[in-house]
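*Asks:* Starting off with a structure, shown below.
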Amino acid sequence: MLRLEPRRRPSKLMLGLTPVLAVIATMIAGGILFAILGKNPVEAIRIIFIDPFLDPFSRTELLVKGAPLVLIAIGLSLGFRANIWNIGAEGQFVIGALAGGATGLAFYPMEGIWILPVMAIAGAAGGFAWAMIPAFLKIRFNANEILVSLMLVYVAILLLSALVSGPLRDPDGFNFPESRLFHDSATLPIIISGSRAHAGVLVALASVVIAYVLLNRHVLGYQIKLTGQAPKAAAFAGVNANRIIAICLGTSGALAGLAGMFEAAGPVGQLVPALPVGYGFTAIIVAFLGRLNPIGILLAGGVMALTYIGGETAQLTLSLPAAAISVFQGMLLFFLLAMDILITYRVRIRRTEVA
Amino acid sequence: MDFSALNPIALVASLVVAATPLLFAALGELVTEKSGVLNLGVEGMMIFGAICGFAISVESGSPWLGLVAAAIGGALISLIFGVLTQVLLSNQVATGLALTMFGLGLAALIGQPYAGIKPPSFPKLDLPVLSDLPVIGPLLFQYDYMVYVSLALTVGIWLFLTRSRAGLVLRAVGENHDAAHSLGYNVILIRLAAIAFGGACAGLGGAYLSLIRVPQWTEGMTAGAGWIALAIVVFASWKPWRVLLGAYLFGGVTILQLNLQALGISIQSQYLSMTPYLVTIIVLVIMSADRSRAALNAPASLGRVFHKTG
Amino acid sequence: MNFVKTLAVAATAAVGLTGAAFADGHEKTKVGFIYVGPVGDFGWSYEHDQGRKAVVEAFGDKVETTYVESVPEGPDAERVIRQMAQSGHDLIFTTSFGYMNPTIKVAKQFPDVKFEHATGYQRADNVSTYSGRFYEGRTVIGHIAGKMTETNKIGYIASFPIPEVVRGINAAYLAAKKANPDVEFKIVWVSTWFDPGKEADAANALIEQGVDVIMQHTDSPAAMTIAEEKGIYAFGQASDMKEFGPNARLSSIIDNWGPYYVSRVQAVMDGTWESTDTWDGIAPGLTEIGEFSDKIPADVQAEATAIKDAIVAGELHSFTGPINKQDGTPWLAEGETADDGTLLGMNFYVEGIEGELPN
């Protein structure tokens, strides 16, 4: 019979090999799906996985789509390492966009290079404050942060919808529920001309580096990891658990808020009710696919972005239904999550012992 | 304002219909969570149940067969989650989210030929004399059968969890899987069963939507009901009776809001729509603040990975 | 089609070869559509896709059409529009209000590609806007509703208080009131375009209040299904919805985009496409009134047909004075008709409608 045996240390080989295996398995399963739908499977797979790299615009769009995922996932991964489960990043994203966007609109039509930094601070502060609600309730009342942060997602989305149909509505917009377009000083600069890749991409990359240094070189990173792996030992070593909760939730909230503000002031350019498209939830998957490791998250964010952009292209060129892409993404995630086990466990074949 | 135009009997009747899909899904999730597993894929399982139930009803002409298919479909898709998290030890939060994505897509693919078709209609309870009683009749004896099934399920789960040995074992597994394992219980098998049960219930909830409440198939028709079911479980502090209360409260808020509008009372609906979520948080805080009581309700191993060593 | 090859085609187009190719009709005209919902929603996106199919039927081999469905009105819209623009499309229809700013942005970068944005108000040299005067249809079905209600209560399931929706309510109310002075409107805002469960609940709530005719301005056929079940009347919205309520359905307002799409594609083929602002009603066929149910008495059918014919002939405007606003302030004097500007930004109920307009 097959049996799982823990490895003494995670396998380096499998660390690199499992994502490849998962992608291959998805290609086979997805190919079968596409063939059933009457499409050429080889072409469909190529369009999803290869074509986005061949086209310069799609390449920059990978950055646009991947940046918020990476930024949010980096924040979440800190908490997840300490067993603090913020699954309300979507809500923090929305509040960050609202706070940052409202700040930008408040300064309309003033000019100045100081406006964007102020908006970014407001966005991060908004996300931070929204995340401090579950943090406070957990520290003070022991309330489960998974559930509080999830509930707050709906509150945040409804708040956005209420505000853009009310006080933040575009005065010249024929009563449509959306804000006016941000003016130039409140719009993120583009880093690759002719694309939508905005300054937020650089911040996302910087967050990867900072998280890497924090986790590997800084005592706080050590404390976070210790809290997750051995809470009792951490307490014994003098780690203040409440402080770690506040730091982890606060950081992830601030980064999600920042991502929300970047999204509003970058690719969208205004506040609209449809701003949240699930980055906060997808980032949870990205964090785990990246095994909570900053470099892994960067790669995982890239893969997720690839399936979105490749999926759109496949819809466009092969008339695949959107639902097929969603099934395909689900399969990819299942395979990636399933194969992870090979890293920390080895599969042993053992004959059933005869008693 | 003429509040007398609000007919409380009819209000209750529509509240029950709106709440029943939530009740099914939340009851299932309750059992899953009691075994220590957090499955965030309720939305995906519901919509998959909705299309399985709809498709089989239409093909077979029997709504009952459809409901059976919905339960089986929900259980099967939940077992993808089960195998990944229990056997392959993947993270429950991430796997649950992936399940939602997968379920929504798969349901939409299967459902393409079923848009615009009317399903066979579902029988309602019609007891001689009782159903015709004034007030009591429409209040108690005139619903479709699935409403009574959902109520029976609430009682059944309550009895199971509090009065049966199997329920005790399930709770033990959710409370401390290592201890349960050392007592000789098969933690993985028990959890897989709880996950499949949760999936079956979510599937029934979805099918209630597509076969009874709306009745039609349209892509994405669950529109977030699965997430509300998750909230209800917490709101209920993992107790079946409070799940019933929670589902009826959530259903009630929606129905009351629509009915008040129909009466001509205007309300800023976004702020009103926030209230169930805020109330859930408050309930959660009150419950959790009392640590001794909270410990009795929330399964201690919720969301934690179990692997037997040795 | 290979993406790289597509790019090559786009590149040649930029050099100017394709323009000539169109004139003599050797190369296929490539037309793209972007939908906000799934094509299976049986409402808004479904009807736009019917329009796409009409284009295919009209031009056969001379066109190639593509579409992307369920594109959220957020950050992804611009990418999808742009991918279409750079993959050799000659004409792109962006079919939801939320695509307005992304469409304008992409259009600036692709001056040779023609864009058509539905229901918006911003145009450019290569961006047209188009929409339907669906309120004209509401005048016709409002009349039928007024005549058919026995309880004198008409229910209206509304999505969001944007001008388009408010206009529809006002037009329907004015027509119903004229047909039946005792009529009363019960309006429920569901804050969603598409949530079958909630729409069904709203229909039930209205029926509970004694409503026996339901109109809707949401996308799913849920209310029609409920009307059928409860034995009352309803109207199809966006698509005919007959299959959901064979007995309940009295008529419908159908968004018939086909003829418009065909004419615009033709214009691109002929090289006569210009940026225009189209707001077409019943006369040009963009707003279509679905077949009358035989539940409607012959005289009412005749009246409704007469109203429709008068609108088509330009003799009747849905908003003809005297009309006061809800608070009693005069809006239109005797015989005066509403100007398009006011209609496009309409944010008030007309006199007689009860309840406050949310905002």
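Backbone N, Cα and C define each Cβ position, glycine as well.
So TrEMBL says this about it:
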TRANSMEM  B:6-25  transmembrane segment
TRANSMEM  B:37-58  transmembrane segment
TRANSMEM  B:64-84  transmembrane segment
TRANSMEM  B:96-115  transmembrane segment
TRANSMEM  B:145-162  transmembrane segment
TRANSMEM  B:183-209  transmembrane segment
TRANSMEM  B:221-238  transmembrane segment
TRANSMEM  B:245-265  transmembrane segment
TRANSMEM  B:271-289  transmembrane segment
*Asks:* Pairs 6 or more apart in sequence, C-beta under 8 angstroms, 3 or more of them: is that satisfied by the transmembrane segment (B:183-209) and the transmembrane segment (B:6-25)?
*Replies:* yes
*Asks:* Most CB pairs under 8 Å with the transmembrane segment (B:221-238): which of B:64-84, B:96-115, B:245-265, B:271-289?
*Replies:* B:271-289
*Asks:* State the non-local partners of the transmembrane segment (B:6-25) in its own chain: residues 6+ outside its ends, Cβ under 8 Å from one of its Cβ atoms.
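*Replies:* Those are 42, 45-46, 135, 138-139, 142-143, 146-147, 150, 153-154, 201-202, 204-206, 208-209, 212-213, 225-226, 228-229, 232, 243-244, 247-248, 250-252, 254-256, 259-260, 263, in sequence order.
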*Asks:* With pairs closer than 6 in sequence left out, are the transmembrane segment (B:271-289) and the transmembrane segment (B:96-115) joined by 3 or more CB pairs under 8 Å?
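*Replies:* They are not in contact.
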*Asks:* Do any residues of this chain, six or more beyond the ends of the transmembrane segment (B:64-84), have a C-beta under 8 angstroms from a C-beta of it, and if so which?
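*Replies:* Residues 28, 39, 41, 44-46, 48-58, 90, 95-96, 99, 102-103, 106, 119, 146, 191-192, 195-204, 206-207, 211.
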*Asks:* Which sequence positions outside the transmembrane segment (B:37-58), separated from its termini by at least 6 residues, show Cβ-Cβ distances below 8 Å to it?
*Replies:* 21, 25, 28-29, 65-74, 77-78, 81, 85-86, 92-93, 95-104, 106-107, 110-111, 114, 117, 119-120, 174, 191, 194-195, 198-199, 202-207, 209-211, 217, 220-222, 224-227, 229-230, 302-303
